[in-house]
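Worksheet: one structure, shown below.
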Amino acid sequence: MTEGGIPPPAPPPPPFLEMTGSGVPPPPPPFPGMTTGGVPPPPPPPFPGMTTGGGPPPPPPFPGMATGGGPPPPPPFPGMATGGGPPPPPPFPGMAGSGGPPPPPMMNMNAPPLGPPPIPEYLPKKQKYVVGEAVKKVAWNKINPQSIKKESIWANIDEKNFQNKAFFTTIKDNFATKSAPAKNLTDSDTESSSTTTTKKTKEFRVLDARAGQNFAIMFSQLKSTPQQFRQWLLACDNQYLTSDLLAQLDKSLPTPEELKKLSELKNDINELPDAEQYFCAVSDIKRLHQRIKILLFKSQYKESLEETEKNYVAARQACETVRRSKRFPKLVELVLTIGNYMNSSGKTYEPIYGFDISFLPKLHSTKANDGKRTLLHFILQEIEKDHPDLLKFGDEFQGVAEVASKVDTNELQRVLNEIKSRINSAQTDIDNAKNATENLIPGDRFAQSLEGFVKAALDDIERLDALSVKMTSAYQDLCDYLAIDPKKCPLNDFFTDVKSFCTVFLTCLQENRLWREQDEKAKRAQTSKQLVDDIRKKHRTELKEEPKTFFKP
């Protein structure tokens, strides 16, 4: 016992190096002077002032810690820091003495890597061709089989329809890897020149001198007075307010601030230059620029409406023509067969199920070894020989592709949105004009002249919306049919490729016929020459073999 009757602190327990069979840690070693028998030592005596009843007393406090305020925490295990938070629990048997428990093993760590997605069941199995020697390859972009729908053109192709050994031999003989050097095509440079003419300026009180001079030239062509010009604008008369005039006004009308300054000069209007007189006369018309914009839109509306309707209809009809065609599937089937055959000369090539339609015009770029003919020439020879109905493909698609290639669907949507915006704006101005009660101008017929036009235009918009939906649906159906992404291939791009292919299709067909006629003509000439040579040879032979006759005198 130490002085004061306080027993010495108990030694800390050893680390749990091993556990008993029951999972309970072994008891601490005995205090000095105690026996090591199987009887456990008695508990330490209580602190002064504490009773001896109840459970065992708490362990003594650490050195330097206060003894009040509740029992102190147990001493740390050997080798552990005394600062910071509570120590972690001891490790279980067989575990390392430091660090947390190991993470659970990752699932499927040893699983084999996933292979490519399976080919849809409705696609026919592809068989690789045996070419026997290296030939030129066709540089097409293949279509992912998983993107081919059951109703697609590619799901119904049977390459056996065009497997012709004689034709394959012709392709192999003419497209061996001894390729002719490619010709580099250069684009010719175009030069443009612009000529600016500086007009003689005049002195103006409000307008910029150059702008005022341009306006003076414009108004001089009207052959009207400033007051007549004012009446045309109040009456919204498109008979005199032509599209060209309104377009010039819309582009360079004086600002509201300039018009306000000109309105303050009405008492001196006759002293102003001609251009400023015209604008001074109309400076009190409210929302003048907006009125000019609406009148310009109205003057161009009929032509714009007809053009928009025509483009919607033409694009839809072109999509339906390709979708319903019986020749188009046969043609791409033939091209797919030939391309898979030629590319199979590569040892690692796997036949594809479909190709991007933009490849069709490139058939004309794959040159034969003679540097004169192309792969398309040989395809057309095969078509003309065994599939003559496919020769009508060019004529069938050239017209519709020409029109549809010029239809920019984004531009169509922009025009339709602009029509809606202009009509809604005009309707708002009409309502405001009809409800206005102050500062009315006598003879202003803005609301009356445009009300009927706006009402009819609203019906036109409804019809254009319906045409837009039909066109979009038709192209989406065509894209599904050909496994095309419409976001990557807009409608006009697709038909530009079709138009280009039709052009080279008809050109190569005509060249084949011309070359065939030349060959036949050359053969006839050779035959005629051979016939003449044979006749001459025969004649000379007969002369040599003719017996000589002797006459006696």
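The backbone N, Cα and C atoms fix where each Cβ goes, and this holds for glycine too.
What TrEMBL says about a protein is an automatic prediction, not a curated fact.
Annotated region 'Disordered' per TrEMBL: 1-104, in sequence order. Per TrEMBL, the feature compositional bias 'Pro residues' maps to 1-16, 39-48. According to TrEMBL, the domain 'FH2' annotation covers 125-531. Residues or ranges marked as coiled coil in TrEMBL: 298-325, 409-436.
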Are there residues at least 6 beyond the ends of the coiled coil (298-325) whose Cβ is under 8 Å from a Cβ of it, and what are they? 238, 241-243, 246, 396-397, 400-401, 403-404, 406-407, 409, 412, 415-416, 419, 450, 453, 457, 460, 463-464, 467-468, 470-471, 474-475, 477-478, 481, 491, 495, 498
Beyond a gap of at least 6 residues from its ends, the CB atoms lying under 8 Å from the coiled coil (409-436) belong to 287, 290-291, 293-294, 297, 301, 304-305, 308, 311-312, 315, 444, 446-447, 450-451, 453-454, 457-458, 460-461, 464-465, 468, 471-472, 475, 490-492
Can you work out the mean pLDDT of the predicted model over the domain 'FH2' (125-531)? 87
